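The structure under discussion appears below in the form of structure tokens.
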Ligand SMILES: NC(=O)C1=CN([C@@H]2O[C@H](COP(=O)(O)OP(=O)(O)OC[C@H]3O[C@@H](n4cnc5c(N)ncnc54)[C@H](O)[C@@H]3O)[C@@H](O)[C@H]2O)C=CC1
Ligand SMILES: O=C([O-])CC(=O)C(=O)O
């Protein structure tokens, strides 16, 4: 029995992500929460002949409580997306409060759920989530994940366009750091199987992974950011968490986690100087089983990229922590 909740379920990511979760045979209950339109989205999905029962909730009538009670996994794509000319950090002002409110609900009604944060800026919204959970005395770092899978998916896709691989996802590429611009660091030297990237193409490839989100924002021309590829990526990560919870072994995927709280994280936190960082995570029935240190084996070029990532991350992380502990005056 697995109850999945999508918070922000009526949005550009929320709807296709809910569709994918509804089609997952392991999900037995799917609760959709949003400030608008969830009754309609739920009614629509409920006609699909897969096992999950589907319910939709709005804030009225204790909707958040109803949606979250009994949840095993909560995926959060709630909040505004970018328009051309904006950075992810520009979303902080609105999305910080949205994520804080939803996590307060989770702390109260589903404190043991696995929490997957998609809302941007992920580099800051995950530290916000951690602080809220800490204050409620229910923080389990092994169950809090910033979803950076889209960066991995992009790296796989863009590498395949160079290597000619027929199935891009057959190549495993660790993408680490954070989820914005220079904080995103693909480690092509650690791809499995190994990939041969011509030296003159490497910088452009790294840049495309780091700024893949901007490519979509520009193409959508004011109509938002990546939604369909994000729904695919969010579901890919959620599905892995669900499979691990059900006992499947050896599942690894990068995610942005609180390093000091997860097995193997301390030494990476020392190397990087940051507490929140995306690294390959081995998943198990309790969430993060261990994190895998790919940082110390990065090559010299990647180490330079990492240095740039650390400084951006420090600023983003402290902004999130401050938001909860020293709230802005209203
Ligand atoms: N982690 C990642 O790799 C990615 C993250 N994103 C982020 O995901 C977020 C959502 O993007 P889209 O789905 O395109 O936006 P959207 O605007 O289409 O949908 C957002 C949904 O959140 C809902 N919402 C707003 N406040 C809420 C609240 N308090 N509780 C519940 N729901 C609430 C809205 O009603 C809307 O339905 C954005 O912040 C975006 O930047 C987008 C792509 C990739
Ligand atoms: O670029 C954005 O704003 C949305 C996002 O996080 C991505 O597509 O990676």
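Just so you know, glycine gets a Cβ as well, placed from its N, Cα and C.
Of the residues 34, 72, 140, 214, TrEMBL places 34 in the same NAD(+) site as 8, 9, 10, 11, 12, 13, 14, 95, 118, 119, 120, 230. Around residue 10 (NAD(+) binding site), the same-chain residues at least 6 positions away in sequence with a Cβ under 8 Å from its Cβ are 32, 34, 36, 37, 38, 40, 41.
Taking the Cβ of residue 82 (substrate binding site) as centre and 10 Å as the limit, one finds 20 other Cβ atoms among all the protein chains shown. In this entry, substrate is bound by 82, 88, 120, 154, whose most widely separated C-alpha atoms sit 18 angstrom apart.
Residue 8 (NAD(+) binding site) falls outside any helix or strand according to DSSP and counts as coil. Annotation note: residue 230 (NAD(+) binding site) sits in a helical segment as assigned by DSSP. Ligand 2 lies within reach of 82, 120 from the binding-site residues 10, 12, 82, 120, 154, judged by a C-beta closer than 6 angstroms to any of its atoms. In this structure, the CA atom of residue 119 (NAD(+) binding site) is 11 Å away from the CA atom of residue 179 (active site, proton acceptor).
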